[in-house]
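First comes the structure, then the notes that go with it.
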Amino acid sequence: MLRRAFLFCVLLVLSAQADLFNDLSLFGGAPLFQISEWDRPNFNARNAAGTSESLEKDREPLGPDYKDPNPAGTEDKPVVAAPPQEKDKPVLIPKKENQGPKQPANIPAVGMGGGIVDINANPGGFPSFASPFGPDFEFPPLPLPSLERPAGSFGIGGLFGIDEGSKWWKGKNVCIEREESTDDDTDDGKKDEDGKNKTESSEEPNFFATSIRLSNCFETENKYECVTRINNHGVVKTFTVRYKCCYGFKRTSDGCTKQVDLKPVLQTLDDLKLDEFRGLIKSSGLDGNFEASNFTIFVPSDIAIHEYNERLNDMNRVDPARRRRALNALSSKDLVLSHTVDGFVELADLENEATLESEDNKKSTIRINVYPTHSYEKMLTANCARLRKGNILAENGIIHIVDRVITPASERIEEIVKNNPKLTSLAKALENSDILKHLKADGHYTIFAPTDEAFSKLDETQRQKLLNGGSCASNILKHHIVAHTVCSSAIIGNATTHNVDGVVLNMERTVDDELTFEGKAKITQADLIGTNGVIHLIDSLVIPESGQYIGNVIKTHNYTKFQELVEKAGLTEELNNFDNATVFIPSDQAFENPETVKLLEGIGNDQSKLQQLVRYHVIDGEVESTDMSNDMKIPTKDAGKELRVNLYSTLPLFTNVINRATINCARLTGFDEKVCGSIVHEVNRVLAPPTKNILEIIQDNEKYSTLRELLNGTEVEKVLQQNNRSITFLAPTDETFALLEDKDLKMLKENKEKAEEVLRNHVLTEVLCCAGVGPHTWGFNSYVPTMGNQRVEVGRTGNQIHVNRAVVTSCDTVAVNGVLHTINKVLAPKKAPVTSVGGGFFFFDL
């Protein structure tokens, strides 16, 4: 009962925009109140007979079999759609062939701001309502902020069915488009032999899968659209109704009342004074084509054609082969037809990365791109030519004016690279890498292509490795590739995008109208259009850190001390040639540690020992921080000697969140820096391989003589010398034992059983490095179990680490079987815990 009540409340909230009340019969009652017909999609029938009479008179049926959906919940048996006819795909009812063109939206004024050009191929969209309709359903995209508020928002009038004013889409000269599709909402998406949807029974019925209807309506400058999704016992139908001004009419404040004076396409070109393009049509003998059929034309302005002719004249002064390569030797007829598309194309209905097929012999591609601007308006391009004015209507077509002659796109970008005489080095590098197999024929990419001159700026060794597809080639080349189309006209001021590896790229248009890439390379030739993207030629190769040798990264990140150590050991070339390795680099401050100073003084100029030390910082395989696990042991290039990884949570409220990692108790202070053939992590200590177990460390240190005496002959002594352990030992010094009363110390020395009990309390059953101890916070205490089946409380206050009431005076003596810390107080076994007033537990030493 509570579940139904909760779901009922959810439905009431959704119903402010969704037409759910006809389905409330599943509760056994009538609808609570009726939504005004103004806020309904006109296909939402009140009964099986049809829609409301006021809207039916304007109806344009989608097809002879189209029917509006019956109110959900009115039948006892599930309504099952006919099986899809082609490969189980949803059936889409087509529009009538004789349906005329609709009025396109006006193109907003182009904003002049730069910014981010990294946009999806299909931008926008509300998140889907997951429960009843499955994961694939999305509502129509949101309008841009500069347009009107979406209709059907949560207004007072809309909520209670009150007419908030006249709706333009209910007036005259409005044409209606309708679409219907059916898809399967079952878990496995399979069908039985009869073509019916399979359903799975469950002990508790799925409330939402019984019968539910969800509608969403929104309004833009040129249309009002409603999408309704109905889930009737697992069969999901989608109904779309789109209201637009009929072709030849434009929106005004009163609706679609402004009628456009339509003229034939050729006369419209004359009226617009697009004389150059009109002249090309006439000289090509294409007047009859444009008089007999419907076309959409992307017309270059007269200035654009003049600039094109000037380039042709310049190329006439060079050899004919180069001229053909530069401009593809287009005839006047090919030029006109490469700007022409069959039928009526409304720009407002085109999504980013939409492609159109032109009327030239090669059926070359015209790619439409839509870029956002700082003014929340749109910048549109056609094959990277910027649209200056769009949607100029004629009797038999639509005209869009562009700012340059459109380059026909008939080759893939890979073919353009291969055939361009300036890109022979890039073509070879791509061929010898694995990049080409990832470029799809139907994709949309941008390549910032380094020219042969750019490759020549590299040192010969690096250039040859790159050309031959060496270990860094893939990283370097992918840095120059973007997985969407970035036209040069979209770069206004500063702009950013992302390459295929997700790395941010910066582009800039300077005050001198020069385009730069990553602040290091100049774009020397822009917008070479292919069927699957665009190419910009650059004069310098940009080497990302993921493509630099590790020696260069050490220099650029000022790891001067480690660099000196590598050079002294004679391993610079070895590090640069690493392939599939991980390097832990100590910071310069790490070399100031007294233990490190002592270690290096002991090694001196012994190159063999220096090489062992450097190689101990290197492991095979690219191990990122996300690949690490607690108590992970990794063999190094120093004869397989192991590094120990430990992971910790030092957050009082989030004890399950790992936020700190150590390598041999050295803290990981920088991580996951990708370089050529390696991954680099920064640590705050120089790593030295442990050579002793915990017991051997105690035996070799004079300050632990009392501890050695107490350990002698106990089980704890045996544990501390087992090399396969992962433990922490808290070691009191002789001075610490001397602080005990004489009778207590005497008892420990004479009573092995009592000594065993006390010593077990100093053995932690896990490796606890000092870096893994979080701050002490009242009410949030951290406890670590001991070998004595008790727990000790650990915490950090300032620079001091406390273990119960003891302070750690010396941290992180790393052993082969764990770590040893020196403490200033003997940890005697605890009494039974006493509950505090605040709800925590406080333990007191004996």
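Positions of Cβ are set from backbone N, Cα and C atoms, glycine also.
Whatever TrEMBL says is automated annotation, not expert-curated.
For 54-78, 85-99, 188-201, the entry in TrEMBL reads compositional bias 'Basic and acidic residues'. TrEMBL lists 261-406, 410-542, 546-687, 691-827 with the feature domain 'FAS1'. According to TrEMBL, the region 'Disordered' annotation covers 46-106, 179-204. Annotated signal peptide per TrEMBL: 1-18, in sequence order.
Counting residues per DSSP class in helix, strand and coil order gives 51 helix, 41 strand, 50 coil for the domain 'FAS1' (546-687). The average pLDDT the prediction assigns to the domain 'FAS1' (410-542) is 92. Within the domain 'FAS1' (261-406), the DSSP-based counts of helix, strand and coil residues read 54 helix, 43 strand, 49 coil.
Here the domain 'FAS1' (691-827) has, by DSSP, the following mix of helix, strand and coil residues: 48 helix, 43 strand, 46 coil.
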